[in-house]
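J.: Have a look at the structure that comes next, please.
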Amino acid sequence: MKQDEPTNYDATDLDRLHAAARREKPTVQPGREPAPMWVFVASMAAMLIGGGYAGAFVGGFDFNRSSPFVGEPEDVRPIEINPEGDLDPFQFAMKKGASVYNNCTGCHQGTGMGQPGAIPPLAGSDWVTGGTERVARVVLHGLAGPVTVKGNTYNSVMTPFGQLSDKEISYVLTYIRNSWGNEAHMVTPEMVKQVRETTAGHTGAWTEATLAEFADKDIPGEIPAGPGATAAPAAAPAPAQP
């Protein structure tokens, strides 16, 4: 065939040429290969788990809910002082405890009812109104399930809040022990300090079994006068194993 002579290809020839071109894989430069499918699957799983954790523990991404150091948005007073002379120690602890409790609403809810089948309730729970030694240890070091609360079993994990000060922990313990129908004596910073020092060498979360001996044990100490002064524990401390 001469160079300038018209070339006639029928449709079948063109189809074969195009099919062959489509079968050819493009050349990929080294280092620019597509990621394997398992990378995308693992990334999506990590995002789902991370999103669920964030939704449960960051208080709805609201700073005023997730920070233990503030009360209502307009309340900028330090948590360590009581400038309101009309509040007795119990009332003051309840006011500040409500602020610290905002850290807990993502799991235990503002009603203290928890989440059915997942997070145990605080309302009506003997874990809350029982011995102060047990509940203080839970807040300081966390709790890993399964645990039985009000006849139901929960297999969840509670985050430790040992980074909070003794005052903040005493406030929130007083608050949960006297909210949603609960009635129990208040917890003082000095009581929390005792437990923190006693359990300083403890690592990891507690379990129901390791806390069984403290179920009805109160931390010794004086209770300030006020509505929360009922059922004050004995003053003589008893040794406890960390």
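Placement of Cβ uses the backbone N, Cα and C atoms for every residue, glycine included.
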J.: Given 118-142, 193-217, 218-242, which one carries TrEMBL's region 'Disordered' label?
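T.: Comparing 118-142, 193-217, 218-242 with TrEMBL, region 'Disordered' matches 218-242.
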J.: Across the domain 'Cytochrome c' (92-180), what does the pLDDT come to on average, as a whole number?
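T.: Computed over the domain 'Cytochrome c' (92-180), the mean pLDDT is 94 on the 0 to 100 scale.
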J.: Under the DSSP assignment, what numbers of helix, strand and coil residues are found in the domain 'Cytochrome c' (92-180)?
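T.: Helix, strand and coil residues of the domain 'Cytochrome c' (92-180) number 41 helix, 12 strand, 36 coil.
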